[in-house]
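Copied over from TrEMBL, here are the features:
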{"type": "DOMAIN", "residues": "30-473", "note": "domain 'Major facilitator superfamily (MFS) profile'"}
{"type": "REGION", "residues": "501-528", "note": "region 'Disordered'"}
{"type": "TRANSMEM", "residues": "20-41", "note": "transmembrane segment"}
{"type": "TRANSMEM", "residues": "78-99", "note": "transmembrane segment"}
{"type": "TRANSMEM", "residues": "111-132", "note": "transmembrane segment"}
{"type": "TRANSMEM", "residues": "138-159", "note": "transmembrane segment"}
{"type": "TRANSMEM", "residues": "171-189", "note": "transmembrane segment"}
{"type": "TRANSMEM", "residues": "201-222", "note": "transmembrane segment"}
{"type": "TRANSMEM", "residues": "287-308", "note": "transmembrane segment"}
{"type": "TRANSMEM", "residues": "323-345", "note": "transmembrane segment"}
{"type": "TRANSMEM", "residues": "352-374", "note": "transmembrane segment"}
{"type": "TRANSMEM", "residues": "380-407", "note": "transmembrane segment"}
{"type": "TRANSMEM", "residues": "419-440", "note": "transmembrane segment"}
{"type": "TRANSMEM", "residues": "446-469", "note": "transmembrane segment"}
């Protein structure tokens with residue numbers, strides 16, 4: 001009886017502690033940060049679909065006005081392909097430049113400065129019709145891509161550094177949730193009753209300014225990442241205030257000591273370059289795992305699903321004019337699945353959601369392949385295809401759609417994190433571009449059997465993660481490092497020594513990077 005009461009007491013204490021972790025400032029910071037960042041990424045993925053016909057007509061009319069003849073079909077297709085795919089090129093640029101930006105300006109300031117790209121892109125794209133220049137629309141897409149590339153690294157970094165480890169996964173899933181909300185919002189605003197008409201399509205791009213303005217107004221009143229302030233700026237007083245604001249309590253000595261313990265392990269906080277990170281043996285399998293998860297995130301076939309959606313809905317007998325409204329179901333399922341993942345990630349853990357998500361995608365890809373192949377022979381199979389599409393989207397969003405961003409923030413020390421997010425972002429955007437470039441050829445050659453290629457990729461990813469990925473739920477950085485230590489063939493002590501040795505060696509190299517080190521309690525800053 002006493003044991004039962006003690007167990008109930010411990011459970012209540014854990015629930016109370018978890019509730020206390022969700023302070024108002026933490027919620028506002030995550031929602032505001034995501035609304036002006038990952039929301040815009042999702043929105044720009046879907047916003048070009050609804051006005052595609054009108055934008056192509058605008059391209060043709062502009063070409064005819066300039067040169068006196070209509071643009072040929074192949075050139076028009078090329079221009080449209082560039083308009084869509086150049087977003088990924090901009091994203092790659094943003095992922096590459098984010099490392100020095102977050103180092104020198106901080107996580108929060110990077111998110112704020114990034115709005116310059118978003119507002120500039122919104123003005124270019126929304127005014128392109130009025131100016132009669134399709135080049136403005138294309139330029140706006142690439143600048144918007146730069147914004148997305150920076151935000152998809154800076155936002156998860158900021159969220160992982162401001163959140164207590166007990167809710168780190170749930171808070172990290174905010175990135176994925178707002179991507180889904182952005183996609184869904186783009187679908188809704190693209191309806192004919194709103195902005196999906198020939199005279200209104202520029203407003204679809206002008207709307208981008210709204211989330212940016214909201215972020216610029218609210219985010220300055222919230223603190224910078226306390227870990228950044230403590231470990232990189234060595235400002236203990238500001239770090240303590242940031243912890244107090246985000247955790248909603250006055251006594252943050254435990255949190256400060258926990259971060260300082262990591263600082264003592266690192267010996268100094270010089271920013272690690274991508275090359276140095278790739279050469280660091282103690283994080284070799286962490287880097288490989290990030291590359292695999294980010295690669296599968298883009299290559300698992302969700303883009304192929306969007307390609308087939310309208311065709312499958314048409315085969316099911318849905319009126320073509322009704323299809324845009326039915327397509328909203330895909331965005332709604334995506335959002336609900338991402339929210340579900342955010343609610344259960346701290347209970348179930350990262351491993352089950354990630355591996356389970358890929359596993360379910362394999363099953364439904366196989367069923368979808370059979371259904372699409374035979375749907376002309378069996379009248380009810382198109383409805384099974386619709387179910388499979390929604391199931392694949394849900395399976396993706398409960399795990400593979402958001403957890404890769406969470407893991408990247410959990411695997412690495414403070415000085416390694418910007419380089420790790422740069423690697424993750426580069427793999428993400430290169431894979432995104434590869435899918436856009438190669439999928440039409442895969443689809444043309446394999447037809448409905450193309451989904452078996454994506455099932456194979458999901459199988460490879462799930463198999464790798466099953467054997468390599470440790471559970472990171474509620475674990476500190478040192479505990480996660482210890483879980484990888486055996487596979488990296490180093491002890492935890494050797495990991496610390498390797499990191500110190502690598503940093504000491506790098507500090508002797510002549511380069512133009514700003515460095516900061518702590519020696520005998522004094523903070524020294526300079527250019528090496």
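Glycine too: its Cβ is placed from the backbone N, Cα and C atoms.
Automatic, uncurated: that is what TrEMBL annotation is.
Quick caveat, the model's predicted, so the values are computed rather than measured.
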Close approaches to the transmembrane segment (138-159) from elsewhere in its chain (Cβ under 8 angstroms; 6 or more beyond its ends): 29-30, 33-34, 36-38, 40-41, 44, 79, 82-84, 86-98, 101-102, 107-108, 110-111, 114-115, 117-118, 120-125, 128, 171-172, 174-175, 205, 208, 225, 405-406, 408-409, 417-418, 421-422, 424-425, 428-429
Same-chain residues near the transmembrane segment (171-189), Cβ under 8 Å, at least 6 residues beyond its ends: 26, 30-31, 33-35, 37-47, 49-50, 152, 155-156, 159-160, 162-163, 195-196, 204, 207, 324, 327-328, 330-332, 334-335, 337-339, 341-342, 345, 397, 401-403, 405-406, 409
Cβ-Cβ under 8 Å with the transmembrane segment (446-469): same-chain residues at least 6 beyond its ends: 285, 288-289, 292-293, 295-296, 299-301, 304, 350-351, 354-355, 358-359, 361-362, 365-366, 368-369, 372-373, 400, 407, 439, 487
